[in-house]
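Heads up, the thing below is written out as structure tokens.
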Amino acid sequence: MPPPEISKRVLDSKLEACKFAFLKLSAVKTTRMKNYKQLRTLLMLKEISRRGADRDFLKDPENSVTRILCSVLKQVVSNSDRSLKSLRGFQYETLDDQEKQQVTRMIASVQGMGSRKYEPETVDHLEDMTEPIEMEIYLGNGDGGDFGDIVLEPISWPLESQLTLEWVETLMGLLNQSTWKNSVSEFSLILPHSVAVSLVDCASQILEKEANCVKINGCSEDSRVIVVGDLHGQLHDLLKIFDQSGRPSQNQCFVFNGNYIGRGSWSLEVFLVLLAWKIMMPENVILLRGSSETRVSAEELDFLKDICDRYGEHGPMLYSKCIDCFKMLPLASVISNSVYTTHGGLFQSCGVHEESPNPSLLLGSLEELDKIERRQAGENDDENITLNHVLWSCPWMADGLSESNYKGLLWGADCTETFLQQSNLKMIIRSHEGPDARADREDMGNMLSGYSIDHEVESGKLCTVFSASMFSQGSRNYENEGAYAVLEPPNFTEPVFVSYTVENVPRLQHQIISDGSSTQQQQMWENRTGHGFASMGISNPPSWTVPLPNDPSQILQLREPPQVFEGLPLPDNIQEPHKSNYDYLFRLISALKQEIQTRV
């Protein structure tokens, strides 16, 4: 049996889930049922959810899953009159002759239930009562399902912008269902553009008022904090985390370390779900900024295209608001005066230190972090040195503080010790690196379990947590687990890392466009590099579109690969415009390989 403080949280979470499920099941119209199996499943689920909302019943340790099922079955028997009334109220005109006979047989079956006795040892043999569930309803378990034929009702913005638990749960359910439709063409019908804009606007107003480093104090004895790493647009990992750990509540705070958008198919969905929770529980949901939440990274990740695929001509406006919202995200948190969390890591001091011959490589402090003007960042966030370091820095095994070959800094265990000691902290939990980043760093943890203990020093530890399971980069899937950290009192400095895998997820098909003359990718590349094939006298360069063989009028738009392993980097002696065009070709080849892999 789990510890009392955990069981209480789990109980509260299950009660809320059961109440919400019962409300949803009660709203289902029987006229939408395709056959008697679905109708029977509806009645069973409704009774299970009603029974599950009974706190006295659930908290009894004798009520195992088997006993709960027995009790539910007995309850169905005792309420057979009510069940029969529901069955007899079914509208037969929607059924064919065979289905009418099936409903008739079901009525007879329910009438005979009063003579049955259900005991724990016999429940496993009740095949007629435990057929596969085929409900057209989302119960919030994050496991997905086949929702391809469902007509989803749009969600509307609540009056006075007061988000409730039911509203946020409904949003998560709708977005989860929409991911199984293999297309985002109807996304705006489910989540209207005005609702998405309202989410971003309301959350931005809350985030703007928060400090660069959010202090999480006042945690009670029965509270805990969940720290989540990179999600990279993988909505189903987020749903899995909520399903396993429970929702945000007064006794359970969530800290998200950034990188909400990425190469996953559902970047906008992940970001909007988190903004909804932030609006509902601003003090118990902390959203930090990641390296993906910058204008430059968003462009490289085709975030604008993702939004325009969903909202068409209204996409650029929402994209602009998301970019502005990114600037409002805090940069770090301190939990119970003991644990520092951030996306990338440590940063250099911007002050002048006369005692140091090389002040640019002095370690920065929490006091300096608080002084960063994060909300006034320019078009290129890379120009803000401290911000760049917070988002991009990485630990390594050598001592000292050094400039990285890419972005940010590299810092050793001695810097971790200095930062913890000077800040009076015991632990650092950062993110930013997954199995792809650690693939060529044999001296560091490989992140295949979703986390790594990188430094252990006298004052404490440095950990990395990554929450996108089965992470893919280019043509490689790392088959890694995702993870999150659970911190509990009294000092929150002994995290328990929970690893998981989400394998059964929908795959979004690449966008099909009707105009084969599209040169969007080529134009974006020319704008980015300042060079193009035209400068070499080539008027018909290779495009990023492929006519489909079964219908030449339908064009497949390839996505730029997240990382290219073959052919790059190019030798330094290759001159422009040849260098940019070679780069373009290698990326195109990688995109084609990626497309082939997803279709085999």
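The backbone N, Cα and C atoms fix where each Cβ goes, and this holds for glycine too.
H343 is the residue from H343, H578 that Swiss-Prot records in the Mn(2+) site together with D230, H232, H432. For D230 (Mn(2+) binding site), the same-chain residues lying six or more positions away in sequence with a CB closer than 8 A to its CB are N257, G258, N259, G262, G290, S431, H432, G434, F466, S467, A468.
Each of G229, L231, N257, G258, N259, G262, G290, S291, S292, S431, E433, G434, F466 belongs to the same chain as D230, H232, H343, H432, is absent from that list, and has a C-beta within 8 angstroms of the C-beta centroid marking the Mn(2+) site.
Neighbour density for H343 (Mn(2+) binding site): within 10 A of its CB lie 26 other CB atoms from the protein chains shown.
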